[in-house]
Amino acid sequence: MERHLITSAIPYINGIKHLGNLVGSQLPADLYARYLRARGHEVLFLCATDEHGTPAELAAAKAGKPVDEYCAEMHAIQSEIAKGFRLSFDHFGRSSSAQNHRLTQHFAGKLDEANLIDEVIEKQVYSHADGRFLPDRYIEGTCPNCAYDKARGDQCENCTKQLDPTDLIEPRSAISGSTDLEVRETKHLYLKQSVLKDQLDAWIDSKTDWPVLTTSIAKKWLHDGDGLRDRGITRDLDWGIPVKKGTQDWPGMEGKVFYVWFDAPIEYIACASEWAEANNLEQSDWERWWRTDKGADDVRYTQFMGKDNVPFHTLSFPATLLGSGEPWKMVDHLKSFNYLNYDGGQFSTSQGRGIFMDQALELLPADYWRWWLLSHAPENSDSEFTWENFQSSVNKDLADVLGNFVSRITKFCAAKFGSEVPAGGAYGSAELELLTKLDESLTRYQDYMGAMEVRKSAQELRAIWASGNEYLQTVAPWSVFKTDPETAAMQTRLGLNLALLFGVLSSPFVPDASEKILKCLGHPSARWPDTCTDFVTSMKPGDPFEVPEVLFAKLTDEDRATYSAKFSGTQS
């Protein structure tokens, strides 16, 4: 039995996430966690809400609530939605937890002891109307390069030119619109990442099995232009983790908090501590997952995230862990994803364009979405959601192949042999050929799943389902029954066992349908097969079963047209 630590990039607190967010981190992480558990491995699967930073403060203000109250409410909402999608986190934590406060302050103290922290006087824009320093992206104005009048203080979205806030013509606060701004001096802490450049470079080079997407982004940040730059890790905000050196105050840093991208990855560790506390476990129970001097040396740690999060996870967070000088578990494999687009464009919250996680669950069961998203995961390039493709995939894969097979074989057996597995008959060449083919498919499926090749795993699973339908079409037990009921009984018994096999193998992708199949076939606790050949004797003659309800209802053209119009972004 192996030990696997799995983390998904933690979703930001300010609102409900769209399907692109889901398929870029949490959903493939859940697929992998479910697969490893099914294979008998020990798994700790962690995620949390990312609750600090200016966007959280602004979202709370817009909602008319104190920021801590807003974050608590949104955490509860995101937690329920995650359950709706059957995301099997062992714990869904919060970056505002007491555990993350302690650990973040601890790491800052260790980095300072290692002489990896600089105190830097810098100039930032202060808004009198808002009573606060403004992060670069909360300053808008006219771009000096292209005259676009909504350029941000960090970059012009129109011409993509990198900017400083002082470059903008007629700058204004993006919060209040006020032009009553001034440049003030303020002191902040910087993590001296540049000192760790060679160490990080060698560490990344050692990860020969990482996706090209991951390593190319990391290398670009390491070597392009001026190379890896030191990074500010504090902000002038009210909401966040107060700046301390461990448990000690940090002179000159009063009233400041740690930057959200410094504390957010540390929440992966803090989340394990939260998990231990929530389950009345000891400190040693979470440390055995994270400290290589306390049992984590045999842990394989895998992270899942969208490509925009790769720089922080391949450089900044590893710099924190390495720089601390402590024996923390470093990531072994980082699975990154490209973007999912929506029907010819991007998802847009403000424009009501695209499907968000709560809306998806109101429309259709989680399995429909899980299957489409995973089978179209944006692994090697961006992918696109269209309602035509979604309808086709649900109907042709789930309804016509998996659902149809289970319905067909159980109904036939119930009609001809009753509601028990029939006895009689012996395998012929068709059965032996099928089982050889299935054993080969199972090996490929397991190889793809173990390698986190999400699309290939889905394709192989569908091929396994299809082999069942092809077998029934070839041997036609409904015709054989008329002249040779013994052989028809064997074919039907094998068909029922294939349905059970498909239910088990499908559990990481479509857990609700899998559970229904296993329950109706009388084997709710069926285990992952060693081989298909051995597994298909699980249901014995005389075992009772039930014909399940329709597993997957087809989507009509009318359904597709309704959904497409609803989420096009044209609604008021």
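Residue 1 is the first one shown; counting continues down the chain.
Cβ coordinates come from backbone N, Cα and C, glycine included.
Within the set 96-100, 346-350, 541-545, the record from Swiss-Prot flags 346-350 under the feature motif ''KMSKS' region'.
Annotated by Swiss-Prot as motif ''HIGH' region', the relevant range among 11-21, 231-241, 308-318 is 11-21. When each of the binding-site residues Cys146, Cys156 is scored by how many other Cβ atoms sit within 10 Å of its Cβ, Cys146 comes out lowest. Mean predicted confidence for the motif ''KMSKS' region' (346-350): the pLDDT average there is 73.
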